[in-house]
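Asker: I have a structure I would like to understand better, so I am pasting it below and will then ask my questions one at a time.
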Amino acid sequence: MSLYPSLEDLKVDKVIQAQTAFSANPANPAILSEASAPIPHDGNLYPRLYPELSQYMGLSLNEEEIRANVAVVSGAPLQGQLVARPSSINYMVAPVTGNDVGIRRAEIKQGIREVILCKDQDGKIGLRLKSIDNGIFVQLVQANSPASLVGLRFGDQVLQINGENCAGWSSDKAHKVLKQAFGEKITMTIRDRPFERTITMHKDSTGHVGFIFKNGKITSIVKDSSAARNGLLTEHNICEINGQNVIGLKDSQIADILSTSGTVVTITIMPAFIFEHIIKRMAPSIMKSLMDHTIPEV
């Protein structure tokens, strides 16, 4: 079973498979149209086979983008058929999205990882933690801090600190353990952002993906937009855009990041009631001035 980063990728892949199967079947009658011509052997499939994809589902795709995101699998044809399959991102089929860097920056990894960090010259690691439902979660990661440098992010769950299980700890106890820890080596076991998920969308010809937000929270979804097709929900807060943290930024700044993004936009969202609980008692000015808003490297 194939997985896709967006509904647009799924739909376009189905069109590709149907066209390829039709063209490769010698039993099909010949139709004098460019769209159903035999598959060329030079790998240049899309300008002739799929001209309709350029405006499919409201997408704005040019031939170069389509060709760049499609890989023709080499090797002997099976039963006389040529095999044409889109490129994959993390085992996902993505004929429209392609190898988009925003998806890789925003990826929420399943499983648990271990990070090792040290305190800075002021004896700090640039991290604030919050206790939620007997678990400890990252509330704030400061820019250019040790916590930022090892890749910790807002919403990460801290399972262990220096081998001690954090389950049942209060926020104060977690901060106390970090404060008392030896400064040259602190080992933390992390579960990657369990309350968050990513949604990949595609801009239409006007440069929009189709949602409205206020104070960083999604309030409306535009009918028949990419946001609607891909299941974006209201009452969710935007945590990241293409992997870049936007928590604490003004709506105008978030809008600028969206508008300057490419045609593929991946946002990371969290249910509003959980988001509000995590940031509770943290001043907006702190989130704006201290939160790490840099673009992560991949």
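Any Cβ shown, glycine's included, is placed from N, Cα and C.
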Asker: Which range, 3-7, 18-22, 93-97, 158-162, does Swiss-Prot list as motif 'LYPX(n)L motif 1'?
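Answerer: Of 3-7, 18-22, 93-97, 158-162, Swiss-Prot gives motif 'LYPX(n)L motif 1' for 3-7.
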Asker: Quick one: which of 2-60, 238-296 does Swiss-Prot have down as region 'Interaction with PDCD6IP'?
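Answerer: Per Swiss-Prot, the stretch marked region 'Interaction with PDCD6IP' is 2-60.
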Asker: With DSSP as the yardstick, break the domain 'PDZ 2' (198-273) down into helix, strand and coil residue counts.
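Answerer: Grouping H, G, I as helix and E, B as strand yields 16 helix, 31 strand, 29 coil.
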Asker: Cβ atoms within 10 Å, counted per site: which of Ser2, Ser6 has the most, among these modified residues?
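Answerer: Answer by Cβ density within 10 Å: Ser6.
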Asker: As a quick check of your reading of DSSP, tell me how many residues in the motif 'LYPX(n)L motif 1' (3-7) are helical, how many are strand and how many are coil.
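Answerer: For the motif 'LYPX(n)L motif 1' (3-7), the helix, strand and coil counts are 1 helix, 0 strand, 4 coil.
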